[in-house]
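Participant: Okay, here's the structure, questions in a sec.
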Amino acid sequence: MEFVNVIVDISHEKLDRIFQYRIPEELQGKISTGMQVQVPFGMGNRTIKGYVTGVTDVPDYPVEKIKPVTGLVDGAVPAESELIALAAWMKEFYGSTMNQALKTVLPVKQEVSSRQEKCIVLAIPREEAEQLLKEVLHKNFRAKARLLAGLLDHDGKLSSKEAADLKITSSVIQGMERDGVVRQISRVQYRNPFAGKFEQTGIQRTLTEEQKNAVDGIWDEYAQGIRKTYLLEGVTGSGKTEVYMELISRVIAEGKQAIVLIPEIALTFQTVRRFYERFGDRVSVMHSRLSEGERYDQFLRAKAGEIDVMIGPRSALFTPFSQIGVMIIDEEHEGAYKSETVPRYDAREVAAVRAKKHGASLILGSATPSVETSRRAREGKFGWYRLTSRIGQAILPEVSVVDLREELRDGNRSIFSRRLLSAMDDRLKKRQQTMLFLNRRGLSGFVSCRSCGKSIRCPHCDVTLSLHKDGSLRCHYCGYRIPMPKNCPSCGSPYISGFRAGTQQIEREVHRLFPQARVLRMDYDTTRTRESYEQILSAFGNGQADILVGTQMIVKGHDFPDVTLVGIVAADISLYASDYRAAERTFQLLTQAVGRAGRGSKAGEAVIQTYMPEHYSIQTAAKQDYDAFYEQEILYRELMGYPPVDEMLGIYLSGKDLEKLESCAEQLVEWIRNAHVEGLCLIGPADAALARKNDSYRKVIYMKHEKKIILLKIKKLLEQQIAGTDNWNDIFIQFDYNPLQAY
DNA sequence: AGCACGCCGACT
DNA sequence: GTCGGCGTGCTC
């Protein structure tokens, strides 16, 4: 290895790219990715620091112009270089360019003009400056004159943004600084996103027996130097957050830091306030509503050691702490922890890697753990603690499952069953609140029978087929296709179009049936603006509406004590999703929705409407029985070889030239076959779920194998093959482990 | 960002 | 001509 790729440590957009340097004799073998090096830069060859992002034998810059690395940066390794090494790992593991990986791991550097803490002040008395202004005007030093006039106009102080507006360049300022006319001062003032919003009360609730047991168990192992991943399985309202906070405070007491990941949608004032009340200013929050600058400030605050706890969504995983003691992923089953952009990383996996590097414990918390996590806990690979009782007087709601096929037989074709209608009527009379939940998510073209409830499934992959514009039903994994039948293949009924209700229709129907009811609707359309999400929730929480209609976003982490009825309008919608996780997702959504009823002192009720009342994910969700669900689900995964039993790798190809795309896909399949990997299951190539997007055609190939490392090896092999072939230039390829959504 | 280069007006 | 401010462009 003769050359290194370096990102220089100067924050300027124009320099935010890779520069190559030669490794001199004496440093051979001593330089690796993630290290900091000293390099000569610019015409004056001034020495600056840079981060090594890769080592290579082939330079892509004229060799005669490449300068040698001057030395290594010694001393403590800063957090950033750990993150760069992490980016390098992500690049290898998930498949991406180094730049893509770096962009996900490091925050966007601020544009120079938009956020400047630097300012220029007059270093001489006002009269002297006025005198000087006359002098420079006389000498026709226009830039200096502009600066002096500007300073005099603004009480002797100019921000560098104002200076830039006056077209004053740095060379002018530096010249005048040398002459002692002005001084440049830089004041670092970080924005604190909730300064003054909360108060630190130091409140510490006493732990229940179960909570204490979990904390002590994890802490005992921590004290013994055992660092691993734990599953904290606890029903909604069982107080997982108290366990997190206790562990965090112990870790802080040791001088270490903590990262708490929460799905963006559940990241509310309520959650943040609890952490703030306990840890005060040492907590910070990242969320998508922060401006670019505010987010960058949080990054800097963490780096400067101003905070100990960072709460945020997936991206908070990359907070530049130097010594993490504990990492927490709350609601670990949420799809939000998988990135939808390259590198398509899984935050739970990356957290485990980062935790290992820092010697931190990793806690995965959920009421309905993902099948992957659950399996590892059951196999003993993860520590496992359960919180089974709800805190306070809250009791689990009474659940009834309504068979919509019967409603149809009895002539009720409306969205609501008689049972749900009478329950809603009852709540309106009692002035209690109702939530109506529609669990649709990314569903397109699903087909199911309204008589027997069955969907039409792929004979090879056992997932629901989806309806395409050309009238065919297709499998998103293997491409299997049949024409859309006129009648249901299992019962012959002609009612086989899907349930087409949207939240707007439900809202309209509620208005029609209960004109006196005050209704709020919350879905993607009504929460576009910045504050609307919080507004709707707090309006409902304050009792300004009787009924809240919405999609999944209404069931995540909100306590409404006056809600005593939850209606799940069509529980099976998410069952018809055309991927192997449909049943799991349905169980999770239903369990969460049911758990929303009766969070206060009043008893709650949930009504689940469905065309498939016998399906195990609906049955088990109605009983809130996770174990029973898991036992059923793992059988299906075993039978079909889906994760976590086998590992799965999606390969997504896209390109504007269809013929070329097809031949490349075939070539890829051939390379995989030629590798002769034992136990490998190859599916496809097939049209992607979205076969055309932005003028590009899209194809998918899936591979399944018991061992992820084998898939990783094949991925690497393919990357090498592609690099060595020249006709791949305008075909784009992406890799995705255990995909969540169809490409 | 920070440095050098080269343009252009002012002064000996 | 030469001096020096000031804008421009490049940096492996």
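Glycine residues also receive a Cβ, built from the backbone N, Cα and C atoms like all the rest.
The Zn(2+) 1 binding site feature in TrEMBL is assigned to A:CYS449, A:CYS452, A:CYS488, A:CYS491. Per TrEMBL, the feature Zn(2+) 2 binding site maps to A:CYS458, A:CYS461, A:CYS475, A:CYS478. According to TrEMBL, the domain 'Helicase ATP-binding' annotation covers A:221-387. What TrEMBL records for A:483-659 is domain 'Helicase C-terminal'.
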Participant: Using C-alpha atoms, which one of the binding-site residues A:CYS458, A:CYS461, A:CYS475, A:CYS478 comes nearest to A:CYS491 (Zn(2+) 1 binding site)?
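Facilitator: Closest by Cα: A:CYS458.
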Participant: Setting A:CYS449, A:CYS452, A:CYS488, A:CYS491 aside, what same-chain residues sit with their Cβ within 8 Å of the center of the Cβ atoms that define the Zn(2+) 1 site, listed in sequence order?
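Facilitator: Filtered neighbour residues, in order: A:ARG450, A:SER451, A:GLY453, A:LYS454, A:PRO489, A:SER490, A:GLY492, A:SER493, A:TYR495, A:ILE496.
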Participant: Within 10 Å of the Cβ of A:CYS475 (Zn(2+) 2 binding site), how many other Cβ atoms can you find? Include all protein chains, please.
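Facilitator: Here the count is 25.
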Participant: On the 0 to 100 scale, where does the mean pLDDT of the domain 'Helicase C-terminal' (A:483-659) fall?
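Facilitator: PLDDT averaged over the stretch: 89.
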Participant: Excluding near sequence neighbours, so keeping only residues 6 or more apart in the same chain, what lies with its CB under 8 A of A:CYS461 (Zn(2+) 2 binding site)?
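Facilitator: Listed in sequence order, they are A:CYS475, A:TYR477, A:CYS478, A:TYR480, A:TYR580, A:MET640, A:ILE683.
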Participant: 10 Å Cβ neighbour count around A:CYS458 (Zn(2+) 2 binding site)?
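Facilitator: So the Cβ neighbour count for A:CYS458 (Zn(2+) 2 binding site) comes to 20.
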Participant: Could you list the residues of the same chain, at least six apart in sequence, whose Cβ is under 8 A from the Cβ of A:CYS488 (Zn(2+) 1 binding site)?
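Facilitator: Set apart from A:CYS488 (Zn(2+) 1 binding site) by at least 6 residues yet with Cβ under 8 Å, we have A:CYS449, A:SER451, A:CYS452, A:LYS454, A:PRO494, A:TYR495, A:ILE496.
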Participant: For the recorded Zn(2+) 2 site, enumerate neighbouring residues of the same chain (Cβ within 8 Å of the Cβ centroid of A:CYS458, A:CYS461, A:CYS475, A:CYS478, site residues themselves excluded), in sequence order.
Facilitator: A:PRO459, A:HIS460, A:ASP462, A:VAL463, A:LEU465, A:HIS476, A:TYR477, A:GLY479, A:TYR480, A:ILE683
Participant: At 10 angstroms around each C-beta, which of the binding-site residues A:CYS449, A:CYS452 has the fewest other C-beta atoms nearby?
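Facilitator: Least crowded of the binding-site residues A:CYS449, A:CYS452, by Cβ count within 10 Å, is A:CYS452.
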Participant: If you draw a 10 Å sphere on the Cβ of A:CYS491 (Zn(2+) 1 binding site), how many other Cβ atoms land inside?
Facilitator: 14
